[in-house]
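Asker: I'd like to ask you about the structure that follows.
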Amino acid sequence: MNTPRIPIASHQAVMRCLRDKLQQANLTLQTDYTEPAVSYQQRGATAGTAWLQHWEIRLNPVLLQENQQTFIDEVVPHELAHLLVYARFGRVAPHGKEWRWMMENVLHVPAKRTHRFAVQSVQGKTFTYLCDCQRHELTIRRHNRVLRGETEYRCRRCGKTLRHDVKSSI
């Protein structure tokens, strides 16, 4: 996959944040963790992922450009925290107490599990499903899993199994 072109100023801002937070963590934890690799190959509605064994952070270039400073302030420390937790504690719950501690007490960033960015520009085709109380939009991956009989999804509000709304897909 080709690496998308990121404006140099955006990349520099990402790296400045990453280096500042890493230095802060190394001082607080009295460690010398190395700088992780950063790539801009994350796709879809996911803002970023931490690849633990590769010591790499993958960021979504579209969401970075659309939400610049908020993205840098929230997503970069979020993914760095995953790497630091893995290095310090090994395999633990992704957003568990160790991760929350790392975010709040070491990196001094609010521990938010998910971003609130608009994702219309990066969201792929969705399929409408219904329950007894509302409409749900499922990604193509989830829709295909339902079609193959691998899973079924339930509404969090009413608890009913979601049904594909064939009329809206025509």
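Heads up, residue numbers simply count up from 1 along the chain you see.
Keep in mind that glycine also has a Cβ here, set from the backbone N, Cα and C atoms.
I grabbed these lines from Swiss-Prot:
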ACT_SITE  Glu79  active site
BINDING   His78, His82  Zn(2+) binding site
DOMAIN    22-163  domain 'SprT-like'
Asker: Rank the binding-site residues His78, His82 by the number of other Cβ atoms within 10 Å of each Cβ and report the first-ranked residue.
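Answerer: Buried the deepest by this measure is His78.
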Asker: Where DSSP helix means H, G or I and strand means E or B, what are the helix, strand and coil counts for the domain 'SprT-like' (22-163)?
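Answerer: So the domain 'SprT-like' (22-163) is made up of 54 helix, 24 strand, 64 coil.
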Asker: Just to confirm: which same-chain residues, 6+ apart in sequence, have a Cβ under 8 Å from the Cβ of Glu79 (active site)?
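Answerer: When sequence neighbours closer than 6 are ignored, Glu79 (active site) has Gly48, Thr49, Ala50, Ile57, Leu59 within Cβ distance under 8 Å.
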